[in-house]
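Novice: Sharing a structure with you now.
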Amino acid sequence: MSQGQPRRPPQAQGEVLQDQPIKYGDVFDVSGELAGQPVAPRDAALLQSAEEAVLGRTQKGGPAAVLQSAAALNRRTGHVGKGQITGPAADAGATVAEAELAGRRVVAESVGGQVVARFVAPAPVGLAHPAGALDQDAVTIGRALEAVAATAGDKPVDQSDAAAVQVAEVCTTGASGIIPGGVAAAAQAAADHNARTPRDEDKVKLRDVLSGAREKLQADKGATAEDAERVVSAEIRNKPDMATTQGGVAEAVTTAARLNQERP
């Protein structure tokens, strides 16, 4: 079964439900014995180690981060001890499996033998030296954004698109926030409008926001593997199915970065 984003415990849960620990069934779509187990510190540590071993780091907002937050709250409320581990995690451990299927990267994360999260993204860009992104004729992030108008232009802009565009803009400008009048501001405004608009025909499309993106960017640069990774992460964190949009912002920037890396 395909897994979406982890369920997040409410911020006030530690105050409202002090007599009940946060269980796996509260934060993940799991069943059986695991669902009724309180999240424990060593469970979180196991999954964090697995993410670092396979993915290179703990994923921001990912399953290990969710477990860490839940375990910390369970410790503060006295439901679990510092070195505690649940039975299923002790028996089957925590794993991260990565595969490439049809040019897409599929990552599944499991605890106690059950998949707690799965995400799908473009295959990562291999690094080459020197990087072609430094060439004057490199494929820029601005060009990648404009390409989305052709590949996924009919898609209504949602929060995952806006988040990806914002990170792409940050990669080009180094700005710490949304620039007024920029492409990220337009994408966020479109996502906000669409969230209040029931009919797809009345929604703002990616084509409306990303056509002429280079003119809206204060700066532009060749797309790099690091840029692609950041944009992909932003997009999937805001998608319920944790899968990048076919032909969308993340895939366009990844394609640009791959073309730049493969330059002779």
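Backbone N, Cα and C atoms are what each Cβ position is placed from, and that goes for glycine too.
Because TrEMBL annotations are produced automatically, they should be read as predictions rather than curated entries.
Found this in TrEMBL, in case it helps:
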COMPBIAS  1-14  compositional bias 'Low complexity'
DOMAIN    22-76  domain 'SMP'
DOMAIN    139-196  domain 'SMP'
DOMAIN    204-262  domain 'SMP'
REGION    1-20  region 'Disordered'
Novice: DSSP on the domain 'SMP' (204-262): how many residues come out helix, how many strand, how many coil?
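Specialist: Tallying H, G and I as helix, E and B as strand, the rest coil: 35 helix, 3 strand, 21 coil.
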Novice: Please count the residues of the domain 'SMP' (139-196) that DSSP assigns to helix (H, G, I), strand (E, B) and coil.
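Specialist: Here the numbers are 39 helix, 2 strand, 17 coil.
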Novice: Looking only at the domain 'SMP' (22-76), how are its residues distributed among DSSP helix, strand and coil?
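Specialist: The composition, in the requested order, is 37 helix, 2 strand, 16 coil.
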